[in-house]
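Before any comments, here is the structure.
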Amino acid sequence: MEKDGLCRADQQYECVAEIGEGAYGKVFKARDLKNGGRFVALKRVRVQTGEEGMPLSTIREVAVLRHLETFEHPNVVRLFDVCTVSRTDRETKLTLVFEHVDQDLTTYLDKVPEPGVPTETIKDMMFQLLRGLDFLHSHRVVHRDLKPQNILVTSSGQIKLADFGLARIYSFQMALTSVVVTLWYRAPEVLLQSSYATPVDLWSVGCIFAEMFRRKPLFRGSSDVDQLGKILDVIGLPGEEDWPRDVALPRQAFHSKSAQPIEKFVTDIDELGKDLLLKCLTFNPAKRISAYSALSHPYFQDLERCKENLDSHLPPSQNTSELNTA
C-alpha cells in the first residue's frame, strides 16, 4: 500500500490476456496473487495530475465507487481495488480492479441459438438490469453509457452492470483516444447536447430491451443527427412542448412524422412488454419511466423474482445526500 491508500497493481496482479480496448483504455484479465489466484478484470485509466496531485473530482468518483461496493449489490459488478501503476508530474495511471465475468450481453446474444432468447429469460434479465440501475440511481449515480457491452452475464444468468459512474475518471483518457463511442443507445437529450440526468439510462434500457428480442440494435445511426433521425423514424416527431429549449438544433430541422407501431420493429413482444418499452423510449425525459417505477410495471407481475422484497438491496434514501450528483 502507498500513503494514499492505493495498492501497487504490478505487485499483486499478473496479467493473463488483454480482453478489451475501448474509449476508456485497455482491459486485462489477470490473476489476483494475494487472493488464491482468482481471476479479475483490470481497467487501466490515465488521470491528469497537477501540482496538487490527483484531481479532487477523481478522488471523489473513486470514493463513490468504493461506497457503492460496500453494499455488494447482486446486479452491480464488484470493485475489489483501486491501484496506481506509475506516476509522473503530468499523469497517474490508475488500475481499477473489478470481478471478472466471462461474457457480456453482446456475446450472450450472439451465442443464443434460434429462435432467440426465451421471453421469460428476457423478462428476468430486464428485471435484474432495472434493479441494478435503480440501486445506482438511488445513490445519484448516472451510468451515462449503458449498452450491451457493459452489461455482464454470468454463467448462471445473473446480470451485472459495469462501467458506471466513471465518466470523470475517464475524461482525460477519452481525450487521448480516437475510438468512437457508440451512439446507438444514447438518449435524444444527449444527442441534442441538452442537460441530462438519470432518465438517459432508461432510454438505453429501452434500446437494450428491444435488442434482446431483435438480437440486433434498434437504432443504428452514424452521427448524432443521423441517430436522432432514426429514432424519430420510429417514435415520431414529438410536439414542440417536448423539444428541449436549451439546444441549438430546432425541431423544425426534422420532417414531421407519426409514430410507427413498435411491434413492427420488435416482434414477439407482448402487450405489457410493449407498454414498458414505449415508456422507456419516451422522447421527453421528464415523462420517461424511472427504474424504480419500471420494477413495479405489470410486465413483471408473473416473474417470481418480483415476489422478493425489492427494498432488501436498496440503501436508505437519506444516505444519498453526501454522494456525487454529477
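Using the three backbone atoms N, Cα and C, a Cβ is placed for every residue, glycine included.
Note that the structure is predicted; figures quoted are calculated from it, not measured.
The annotation active site, proton acceptor is assigned in Swiss-Prot to Asp145.
Look at Swiss-Prot and you will find Ile19, Gly20, Glu21, Gly22, Ala23, Tyr24, Gly25, Lys26, Val27, Lys43 tagged as ATP binding site. In the three-state DSSP assignment, the secondary structure recorded for Glu21 (ATP binding site) is strand.
What Swiss-Prot lists as domain 'Protein kinase' is 13-300, and the listing cites sequence analysis.
Summarising the annotation, Swiss-Prot assigns N-acetylmethionine to Met1.
The phosphotyrosine annotation in Swiss-Prot covers Tyr13 (among others) and is backed by a large-scale study or a structure entry. If you draw a 10 Å sphere around the CB of Tyr13 (phosphotyrosine), it holds 24 other CB atoms from the protein chains shown.
The phosphotyrosine annotation in Swiss-Prot covers Tyr24 (among others), and the record cites a large-scale study or a structure entry as its basis.
Around Thr49 (phosphothreonine), taking its Cβ as the centre, 17 other Cβ atoms fall within 10 Å, counting all chains. For Thr49 (among others), the entry in Swiss-Prot reads phosphothreonine, with the evidence type a large-scale study or a structure entry.
Here Thr70 (phosphothreonine) comes close to no residue that lies at least six apart in sequence on the same chain with a C-beta under 8 angstroms from its C-beta. Under the heading phosphothreonine, Swiss-Prot lists Thr70 (among others).
Taken from Swiss-Prot, the feature phosphothreonine covers Thr177 (among others).
Annotation comment: Swiss-Prot describes Lys264 as N6-acetyllysine, evidence class a large-scale study or a structure entry. Lys264 (N6-acetyllysine) falls within a helix when secondary structure is assigned with DSSP. Just so you know, the Cβ of Lys264 (N6-acetyllysine) picks up 8 other Cβ atoms within 10 Å once every protein chain is counted.
The feature phosphothreonine is assigned by Swiss-Prot to Thr325 (among others), with a large-scale study or a structure entry given as support.
Of all the binding-site residues listed (Ile19, Val27), Val27 sits in the most crowded Cβ setting, with the most other Cβ atoms within 10 Å.
Just so you know, of the recorded positions Glu21, Asp145, the Cβ with the fewest other Cβ atoms around it within 10 Å is the one at Glu21. If you take the Cα of Lys264 (N6-acetyllysine) and the Cα of Glu21 (ATP binding site), they are about 35 angstrom apart, rounded to a whole number. When the alpha carbons of Thr49 (phosphothreonine) and Val27 (ATP binding site) are compared, the span between them is 22 angstrom.
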